[in-house]
Amino acid sequence: MPPYISAFQAAYIGIEVLIALVSVPGNVLVIWAVKVNQALRDATFCFIVSLAVADVAVGALVIPLAILINIGPQTYFHTCLMVACPVLILTQSSILALLAIAVDRYLRVKIPLRYKTVVTQRRAAVAIAGCWILSLVVGLTPMFGWNNLSVVEQDWRANGSVGEPVIKCEFEKVISMEYMVYFNFFVWVLPPLLLMVLIYLEVFYLIRKQLNKKVSASSGDPQKYYGKELKIAKSLALILFLFALSWLPLHILNCITLFCPTCQKPSILIYIAIFLTHGNSAMNPIVYAFRIHKFRVTFLKIWNDHFRCQPKPPIDEDLPEEKAED
């Protein structure tokens, strides 16, 4: 017999489905834009594609699994653990992609003349592969033993049951809060976020310094070159800010769970924190569309070429290679 779904659960599922319906097409559009526009082929946009792939997976995989967990099916412990781990992998991948983007923007303003020889497509691909491999290691650590199996088994055996425990599948029931706080948050989330803040502060400082000094750059026009870098840096810093705003509340709630087990956490706050984490995957394409000219033009061209019912002359015959507005 299928589990009973309350009105509150139905509302939760509806919101999650809405987020997925925005996130998946939006991030597929980002990947599509990079594919069709040669001007979006530098290292920064390769890292943005990696971020978009993670966000597509959130909408297509993590949100359906979150809905399944919310319904609360009875599963074996390790089955539930496998359901819980993908979000850890994808979150870590997003953080490392954001860190790679920050380092890339720093190099663009720190060594503009040597940037293209230092940051090659091959090195960017190696960095992306390294980020995903590291994300798999961090996200699958609970599968290697850092989980709540011993606690669950103790209760399971106390009831006279044998074999692998069968539980109501819930994230906190299988994932250790020590892992989430000490390892995931304090090692793999908070330090990279703080490092990225410092990197962007240095990027803004270097750009302002160069604009004031008007030092020549590879473009031959320092105002145009560094003005463009400033705008892109602001847009990418906004992506970082939205990520932190979306994920920190849930990690703070995890800290409360670990350090104050008797403290009550209102269910509405938990759901809001979950919606923020999933909703973050839908935010980035919107930021790109409104803040980065190359993406905006490419999105419109894709729309005009593939989705308009009435043929209309394209707004740009050729996609721009460079725009000062970028």
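In case you wondered, yes, glycine gets a Cβ from its N, Cα and C as well.
Looking at the candidates Cys169, Cys255, Cys260, Swiss-Prot gives Cys169 as the cysteine bonded to Cys80 by a disulfide.
Relative to the membrane, Asp42 and Lys265 are annotated in Swiss-Prot as lying on opposing sides. The separation of Asn159 (N-linked glycosylation site) from Cys169 (disulfide bond), Cα to Cα, is 18 Å.
By neighbour count, meaning other C-beta atoms within 10 Å, the densest spot among the disulfide-bonded residues Cys80, Cys169 is Cys80. Summary for the glycosylation sites Asn148, Asn159: the Cβ-based neighbour count within 10 Å is maximal at Asn148. By the Cβ criterion (under 8 Å, sequence separation of 6 or more), the transmembrane segment (268-292) is in contact with the transmembrane segment (47-69), since 3+ such pairs are found.
Mapped onto three states, the DSSP output places Cys80 (disulfide bond) in helix. Here the transmembrane segment (236-259) touches the transmembrane segment (81-102). Their Cβ atoms form 3 or more pairs under 8 Å, with each pair 6 or more residues apart.
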